[in-house]
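Below is one structure, written out as C-alpha cells, with a few remarks after it.
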C-alpha cells in the first residue's frame, strides 16, 4: 500500500457497461444526452483534469454505440457479460498491468460530478494512507442507493434491495465513486470472484474486505447537487435542468443577456458573443455559434448554425445555415442546410430557404420557397416567389443575378437564370433565361421591354427600389 501523501500513479475506470433498465429505453443509459452531450462524457470530462496515466471505460451493453461517442483519450474495455460492477472492475484490472498505483473508479451515470470533488476524494485517499476510499453523502431522499456504515476502518455498503428496514432509515449513501490501491483491490476482487456465489459481483463487497486488511474510509460530498445520479427519466430531467442552469450562468457571466432562463435551452457546445440577447423559448444546439450584438428569439431553434455579429433571428428554425453580419431572419422562417445569408440580407416571414446563397442586401421578404439557388447582391424577391427546383428525378439550380426583381407569385422553373437588373411581372412562370436589364411577364414569361430604370446606374436602381 502507498505511504500517506505519496503520489503514486493514477489510473481511472468509468463503469459504462450496464443497460439501465429503469430508464425503460432501447438505448444504453450512458448514451442518453444532457444538453447535447452523452452522459458518460460528462464523467470523462470530470476525470480528465486529474491527468490519469490511462482512462479506461468498461463497455458492455450496446458496446459499439458507446465506443462511438467516447473521446479519443478514453480506452474502451469490453465486459462480455454484464455480471455486476465487481466483474466490470475485474475486467478493467486485466487491462492494467501495473502492480502499484491508485485506481479511481467512477460510475458512468453521475453527469454532475466535478473534477474538484474527484480531486478532493483522491487527496483524502492519499493523505489517509488507506486501501480504499468511497464517496458518500447524507441525502434527504436516499431511495435506490446503497446505505453506508463506517466502523473502525471498515466500510460496509448494503444495497437497498438487500437492506433491512433499520438500514433503509440510514441516509448515508454510496455515490459509486471510489479510490483504491491497486494491490489491495486485486486481492479483494479475487475473493469476491471466488466466494460470492451469486449472479452479480458487487464492487461494494471489496470495501469490507479491504477494510479488514488495511482500512477503508469515506469522503463526504460537499456539494449535494453533484449527488444527482441518473437511473430513470425523472432523474435525467432533473440533472439536465441543473446542467442547463450552469451553462446559462456561464454565458451570462460572459456578457450574454438571457431574458428567461427557465424557457431557454442552450447546449454545452454552443458559443455566444457578448451583448447578444437571447429571448424566451430559444433552443441553441449542436455546433451553433452566435456572434456579438445579436438578438435571437423568441421561439427560435438553431442547430449547427452560425449567426454573425449584429444579426437577428426571430421565431425561426435554422439547420446547418449561416446568417451573415447584420442579416435579419423571420419571423417564421426555415433555413435548411447549405443556406448562406450574406451581410445585410433578409429572409422574412413564412419563407423556406435550402442550399442557397442570398447575396449582400438581397431580400426574400415573405411567403417564398427558395431551394438550390444563387441570389446575387441587391436583389428582391416578391411575395410568393417559388423556385421549382425538382423535376421528379434531379435537383436543378436557379440563378438570380445582382439587382434582379421578381414580382409576387412568380414561379422559376429550374434550371433558369434571371439576368442582372431584370424584372419579372407578377404571376410570371419563368422556364427560360431572362436577359439582363429586361422585363418579362406572363405564363410562360416573355420579354416585353427593358426593365424599369435599365438605363440608370445600378446604384440609382437600388435606391429607387422598394421592398415588395
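The backbone N, Cα and C atoms fix where each Cβ goes, and this holds for glycine too.
Copied over from Swiss-Prot, here are the features:
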- 366: active site, proton acceptor (ACT_SITE)
- 15-18, 29, 79, 84-85, 146, 159, 174, 231, 336, 354, 369, 380: UDP-N-acetyl-alpha-D-glucosamine binding site (BINDING)
- 109, 231: Mg(2+) binding site (BINDING)
- 383, 389, 390, 426: acetyl-CoA binding site (BINDING)
- 1-233: region 'Pyrophosphorylase' (REGION)
- 234-254: region 'Linker' (REGION)
- 255-468: region 'N-acetyltransferase' (REGION)
Given the recorded positions 29, 336, 366, the candidate whose Cβ has the fewest other Cβ atoms within 10 Å is 336
Whole-number Å distance between the CA of residue 29 (UDP-N-acetyl-alpha-D-glucosamine binding site) and the CA of residue 383 (acetyl-CoA binding site)?
49
For residue 366 (active site, proton acceptor), which of these binding-site residues sit within 10 Å, Cα to Cα: 15, 109, 336, 383, 389?
383
Comparing the Cα of residue 231 (Mg(2+) binding site) with the Cα atoms of the binding-site residues 84, 146, 389, 390, the shortest distance belongs to 146
Residue 389 (acetyl-CoA binding site), number of other Cβ atoms within 10 Å:
23
Measuring Cα to Cα, tell me the gap between residue 383 (acetyl-CoA binding site) and residue 369 (UDP-N-acetyl-alpha-D-glucosamine binding site) in whole angstrom.
10
From 84, 146, 336, 369, 426, the binding-site residues whose CA lies within 10 Å of that of residue 109 (Mg(2+) binding site)
none
Between 0 and 100, where does the mean pLDDT of the region 'Pyrophosphorylase' (1-233) sit?
91
Among 15, 426 [binding-site residues], residue with fewest other Cβ within 10 Å:
426
Counting other Cβ atoms within 10 Å of each residue's Cβ, which of the binding-site residues 369, 390 comes out lowest?
390
DSSP helix/strand/coil residue counts for the region 'Linker' (234-254)
20 helix, 0 strand, 1 coil
Between residue 390 (acetyl-CoA binding site) and residue 17 (UDP-N-acetyl-alpha-D-glucosamine binding site), the C-alpha gap once rounded to whole angstrom:
47
Between the two most separated Cα atoms in 383, 389, 390, 426, the residues recorded as binding acetyl-CoA, what distance in Å do you get?
22
For residue 146 (UDP-N-acetyl-alpha-D-glucosamine binding site), which residues of its chain lie six or more apart in sequence with Cβ-Cβ distance below 8 Å?
157, 158, 159, 160, 173, 174, 204
Just the number: how many Å between the Cα atoms of residue 336 (UDP-N-acetyl-alpha-D-glucosamine binding site) and residue 389 (acetyl-CoA binding site)?
15
Please state whether DSSP places residue 146 (UDP-N-acetyl-alpha-D-glucosamine binding site) in a helix, a strand or coil.
coil
